[in-house]
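Per Swiss-Prot, the feature ATP binding site maps to Lys246. If you look up Swiss-Prot, you'll see 120-131 marked as compositional bias 'Basic and acidic residues'. Here Swiss-Prot flags 120-139 as region 'Disordered'. The motif ''HIGH' region' annotation in Swiss-Prot covers 11-21. Marked as motif ''KMSKS' region' by Swiss-Prot on the basis of sequence analysis: 243-247.
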Amino acid sequence: MTQRVRTRFAPSPTGFIHLGNIRSALYPWAFARKMKGDFILRIEDTDVERSTQEAVDVILEAMDWLGLDIDEGPFYQMQRMDRYREVIAQMVAQDLAYPCYMSTEELDALREAQRVRGEKPRYDGTWRPEPGKVLPTPPAGVQPVIRFKNPIGGSVVWDDAVKGRIEISNDELDDLVIARPDGTPTYNFCVVVDDMDMRITHVIRGDDHVNNTPRQINILRALGGTPPIYAHLPTVLNEQGEKMSKRHGAMSVTGYRDAGYLPEAVVNYLARLGWAHGDAEIFSREQFVEWFDLEHLGKSPAQYNPEKLAWLNNHYIKQADNARLAELVKPFIEALGGRVEGGPQLADVMALVKDRANTLQEVAQTALLFYRTEISVAPELAAQHLTDEVRPGIMALADKLGTLPEWKREAIGAAFKEVLGAHGWKMPKLAMPVRLLVAGQLQTPSIDAVLELFGREVVLRRLAG
């Protein structure tokens, strides 16, 4: 019977989650969905000083916004301390781990001496019990760390789904501290116990964890577990070619939401940021899940391209249902000082203004002309466009618009043509002053469409003003 696929996302809640971080959730989520398996969320919060509930909330909010639903969790490492201590005690009892009383000062001196000799700095096994070895006397009043007895000789080998075969000699690995003097377990140990207890079959994570992997595999095997399949993702770089980070100006995932990006655009963009399905650039979440595999994960760092994300967002804005778009854009309009109630139907406005916008913020900026609580015309624009020459044309247009049997864009456009023909004018001569009077600005979508949405009553009142 084939083992059920179980993947996990295991972030540390230290306050910030950017696109590179959330990609490490998207890929295991997609793989679990593709394989009809389980996706688990684990919060690695053992760094008590830096971990906050607010940061956890940001992670959950980002995942919810992107639609990365979980099957189990969130599990919190700080709530599993009893389990970790149980396993540590078991390992000491089975001679898989041992207490080490070497002080920090002694360890620093040891490493400095090794550096002077040109050796790799490492713990030398002073307190490691071996047959026939006499250990030093434990110093009074000193709480030891607990170290894992790393295998001596041989090597750790795994076939990484991204990087291929990796082999690390055990001679390169010293005996890892798995519990601090106060008894709290260390990161690499907790990860192993969690992955084993949660029956994780595939670990898809950033390649900054590659160096941890041989240590984790050795501990896992010592506990009788089977290592999962590892897939270490290359780094995501920012526009300058540096590792993406808050320090280098990366935006948080929820920052993209607040800037007016659609979740489907961000998911589509992230999917291609380190994975490919032929030349496909645009695909739905469902298509992504169907296509996703580990074989086509990229082996080189992926570089963030804001223009590409904006292009994708424009595509999804254009494709979006107008009623849904209206609901999303309304807060942006209100933040700009607009009042949607009493204005044209927002969904109808979306149909007119959405095509050229790269973000919901840009949609709102264009749509705002319909929802200003008051309009005013700058004196210099009035002097330029609302001239004595053009006023008779405006009055003639108002007369024709007032008698239209139907307030439709086509009829409004025909009224413009009649007045333009009678006066021998080009469209801008009449359209510009009408825009100023009705919308308070010179730049708008097509004037006949704008007037149709404003409605006859508003248009005639403003033309008369």
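Including glycine, each Cβ sits where the backbone N, Cα and C put it.
Across the motif ''HIGH' region' (11-21), DSSP assigns 3 helix, 1 strand, 7 coil.
Within the same chain, residues at least six positions away from the residue listed as 'ATP binding site' with a Cβ under 8 Å of its Cβ are Phe16, His18, Ser252.
Remote same-chain residues near the region 'Disordered' (120-139) are listed as 95, 98-102, 107, 110-112, 114, 147, 149, 172, 174-175 (criterion: CB distance under 8 Å, separation of at least six residues from the stretch ends). Here the compositional bias 'Basic and acidic residues' (120-131) is broken down by DSSP into helix, strand and coil counts: 0 helix, 0 strand, 12 coil.
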